[in-house]
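According to TrEMBL, the features are:
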type	residues	note
DOMAIN	88-302	domain 'TLC'
TRANSMEM	17-36	transmembrane segment
TRANSMEM	100-121	transmembrane segment
TRANSMEM	141-159	transmembrane segment
TRANSMEM	171-192	transmembrane segment
TRANSMEM	198-216	transmembrane segment
TRANSMEM	237-260	transmembrane segment
TRANSMEM	272-294	transmembrane segment
Amino acid sequence: MPPHRAGGAAGGGDTSAFFTATLVLWAVSLGFEIGVRGRRELAPVAAGFAFFQAANAAQTDTFHYHFLTHSYNVQAVKMLHKAESTICYIMSLNLRLVHMLYCISSSLNDAVALAVIFVLAHQWRNKGLDNMFENEELFGGSWIGAYSALCFSCGYFAYDQLDMLRYRLYSGCIPGILMHQLILLICFTLALYRNVTINYLILSLVCELHSIFLHVRKVRRMVGFRDFNRTMVKLEWVLNWTTFVTARVICHILITYKLIADAHKFGKGIELPLALLGMAGMNLLNIFLGLDLLKALRNQQNHQD
């Protein structure tokens, strides 16, 4: 089970209530589309949500069986010799393992990155790059596997949002991570309902390549591997920044530019304003993430954390 952490702000209760309400409304809407309107093509959204929940539960059960039980058995034996030091050691060990479990659980969205890579590689291999980025292809088309991959990703975002709300894994009155997930859920779900801009959204998910190295950094820190002078730590930071710039910053800027350049090709519907609003939010969140990464890098260089 991920560790509990307070919301960190006076308005934490209101924050939780707002994002919980939006998640409930999203679930009701999805259930209506699938159950009442017969939109069976949206079933992978629910399947994705169930998959990540099951994976999380399986990891938690494995953790409790192999680590907690063993640790407390060790505690019972060693208490005969030196109770105080043993209790402190076991508590420290369990806390570290709980944090590691949360990081591994969070890294489940690496499956999203792999799905995006598969869709793009398959399209590139079969059709080439000639027409991949034409507006007609990005707006009205759907590459092989793209719709299902987007549904599966949407299920992950809902799972992740619920997990963070349940265990209060956020801070601030307006948590950036919760806003990020909410923006994705709104944009992705509306696109899936209307079956438009599917390929645009697949391109926006290239940023999940960077998330892999964010999770590598979290796990590395949780196991105590923090010496910045080590070659592997420096390599991880290089890969972290490289994918941040290429997969997040440049990719999202190019998508935004493409939307603006092809604005006259869109109709009078809600698709263009919603897409521009979503990309504006993503670009803004990228700035905040970049500042957080820069601060973390400077702290590690200065304090060898």
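These residue numbers are counts, starting from 1, taken along the chain as shown.
Every residue gets a Cβ built from N, Cα and C, even glycine.
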Report the listed stretch (17-36, 141-159, 171-192, 198-216, 272-294) having the maximum count of Cβ pairs within less than 8 Å of the transmembrane segment (237-260).
-> 198-216
Whole-number mean pLDDT, the domain 'TLC' (88-302), equals 82
When only pairs 6 or more apart in sequence are counted, do the transmembrane segment (272-294) and the transmembrane segment (171-192) reach 3 or more Cβ pairs under 8 Å?
-> yes
Looking at the transmembrane segment (17-36) and the transmembrane segment (198-216), are there 3+ C-beta pairs under 8 A, with each pair at least 6 apart in sequence?
-> no
Positions whose Cβ lies under 8 angstroms from the transmembrane segment (198-216), at least six residues beyond its ends | 103, 106-107, 109-110, 112-113, 116-117, 119-120, 137-139, 141-143, 146-147, 149-150, 153, 187-188, 191-192, 236, 239-240, 243-244, 247-248, 251-252, 255, 259, 275, 278-279, 282
Would you mind listing the long-range same-chain contacts of the transmembrane segment (141-159), meaning Cβ under 8 Å and 6+ residues beyond its ends?
-> 23, 26-27, 41-53, 56, 108-109, 111-112, 115-116, 118-120, 122-123, 126, 181, 184-185, 188-189, 191-192, 195, 198-199, 201-202, 205
